[in-house]
Amino acid sequence: MQPRTPLVLCVLLSQVLLLTSADDLDCTPGFQQKVFHIDQPAEFIEDRAILNLNFNDCKGNDQLHYEVSNPYFRVNNDGGVVAVRNITAVGKTMFIHARTPHAEDMAELVIVGGKDIQGSLQDIFKFARTSPVPRQKRSIVVSPILIPENQRQPFPRDVGKVVDSDRREGSKFRLTGKGVDQEPKGIFRINENTGSVSVTRPLDRETIATYQLFVETTDANGRTLEGPVPLEVIVIDQNDNRPIFQEGPYVGHVMEGSPTGTTVMRMAAFDADDPATDNALLRYNIRQQTPDKPSPNMFYIDPEKGDIVTVVSPALLDRETLENPKYELIIEAQDMAGLNVGLIGTATATIMIDDKNDHSPKFTKKEFQATVEEGAMGVIVNLTVEDKDDPTTGAWRAAYTIINGNPGQSFEIHTNPQTNEGMLSVVKPLDYEISAFHTLLIKVENEDPLVPDVSYGPSSTATVHITVLDVNEGPVFYPDPMMVTRQEDISVGSVLLTVNATDPDTLQHQTIRYSVYKDPAGWLNINPINGTVDTMAVLDRESPFVHNSVYTALFLAIDSGNPPATGTGTLLITLEDVNDNAPVIYPTVAEICNDAKNLSVVILGASDKDLHPNTDPFKFEIHKQTVPDKVWKISKINNTHALVSLLQNLNKANYHLPIMVTDSGKPPMTNITDLRVQVCSCRNSKVDCNAAGALHFSLTSVLLIALFSLACL
């Protein structure tokens, strides 16, 4: 057996080699020449052939179809490559794809002296088309397979072939990698006997642009004989994606009066096709402008960058003279560098002509009139202005200022946000008797500053003449409130004071009468003529109508006008305390067991409605006893409490003990109160007071209540 020569493994571009042996060379499907060189002419002439191609699928070339990577050229049915229009520069390289139901192939046209417009497909794919790329110093040689995306039926179709010139008998080809045995599985397969590589369905470059496969030969047992060798499948881009504007809505703003060439906004579209080809080379255009006044071409878009700029003079960008300050542009983005064969995407760009403060506000008249009654407050007149600027901006909104005639700050002016009017208000009551007329000078400005070449003129100031009307004002008490201090026990008929009320209407000669308006306790009387206030009942500091020792009454002063006007005055009477309330004790009932070891009966407390010094310290005494002496005892605890206790146990019964308590007033006041003491039977934790009476308060409860009262002092 002769020594085996090194295995040569070649992957060809497409279905060119359908050979199954070295002897079958009578017909090779594909282009008979794959690379052409032509010189760059001064101009490619429309429909003039620059070369003729020879493609043969060895089946009669039925349904032969050509595709050219450069949109400026096409291939006629006879194989002639012609320009679709007169053109000077087309780039350095273009590729021509031919296919029939039986075969397909790719040819390369090199233009000598051509300028590089886009990266050539050869640069994009990064491989040499004319010779295999050596991988290692071994017998395996491979070249990438190029497959156009979006191929039509039939499938599967051969796209290349692996050939072993010194194939070992019984060996098989095996193909692996993403697209074969890895997801997405089943896209490619290889004939294990012939080495033909086929694709089973259309490819989408935008999903997967390249596939990295591996080819190896195996023996009958599946053991690798040679390889694996990398095989790259490159998907050739087709113009199957139209440009898309993804970032809308597109809204731009430009200030009115902007210079020609001012950039408004940028429109940017996205094309999913190969960015290194004309399939994704975009050109922008304005298809329509609405409205088309004052010029149908108010804006221009840079065809390459997508920048929208103004192209009219600043005078035409006057917002106040425009029919509509909002323009809508329909923008087109077309691939294939804008050629007619390119796909188109559209979007709407909205451009707002923004206002600048180039018009000052002006009063609608130089003088305004207003009338107001004295004493009244609120808005008295609305000042109207005109402003041609945008009502939604600070260039239109007015700000008013009173610059003269308001020394007492009796007036204020504010802007009505809906109407832009100046609302002039009286904030301090006016007095007709002091001044019957007022004259104000008011200026108006905008919230935003004016542009440098515009200023506020005489029309931005106005005069307001205000007439004050005399009204019948009510009399005014002075002082108000009126305050006096008296003892609470003064005699009935005592004079407290004489009130004084004056009529503000000094120019009118009117009389004043007085009356009581509010006297909750009914203690007071007022002379209607001279205003003298006296008492008609005893004043009592402890009355529920007195708060914090102060009694409040209201009086009216009524003038003789028509209709009469009324004024109200307040009298505050501070009542000094006298000792007119005797103290009282608490509690008045107590319990104790007849066999109690602790003979303390109850802790008594005392209270007094009067004020110090007419209250405590209190003096506690037993007024008289109905039982033999030395049975009851009372002891002082503090100024307000005392302890009642027994000197010995008593029988079960009810006892009444008169307690006398005296305050510290001068003269003092005394009160005698019966303390009811129930002596009960206490056995087995049960208290029986039935025989002692109807009340059943335990001694413990009474003591606790008394101690609690003591603790609160």
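Here the Cβ of each residue, glycine as well, is placed from N, Cα and C on the backbone.
What TrEMBL records for this protein:
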{"type": "DOMAIN", "residues": "147-245", "note": "domain 'Cadherin'"}
{"type": "DOMAIN", "residues": "246-363", "note": "domain 'Cadherin'"}
{"type": "DOMAIN", "residues": "364-477", "note": "domain 'Cadherin'"}
{"type": "DOMAIN", "residues": "478-585", "note": "domain 'Cadherin'"}
{"type": "DOMAIN", "residues": "584-697", "note": "domain 'Cadherin'"}
{"type": "SIGNAL", "residues": "1-22", "note": "signal peptide"}
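Averaged across the domain 'Cadherin' (584-697), pLDDT in this predicted model comes to 86.
Across the range of the domain 'Cadherin' (478-585), the DSSP-based residue counts are 0 helix, 50 strand, 58 coil.
DSSP places the residues of the domain 'Cadherin' (364-477) in helix, strand and coil in these numbers: 3 helix, 53 strand, 58 coil. Residue counts of the domain 'Cadherin' (147-245) by helix, strand and coil are 0 helix, 48 strand, 51 coil (DSSP-based). DSSP states for the domain 'Cadherin' (246-363), grouped as helix (H, G, I), strand (E, B) and coil, give 9 helix, 48 strand, 61 coil.
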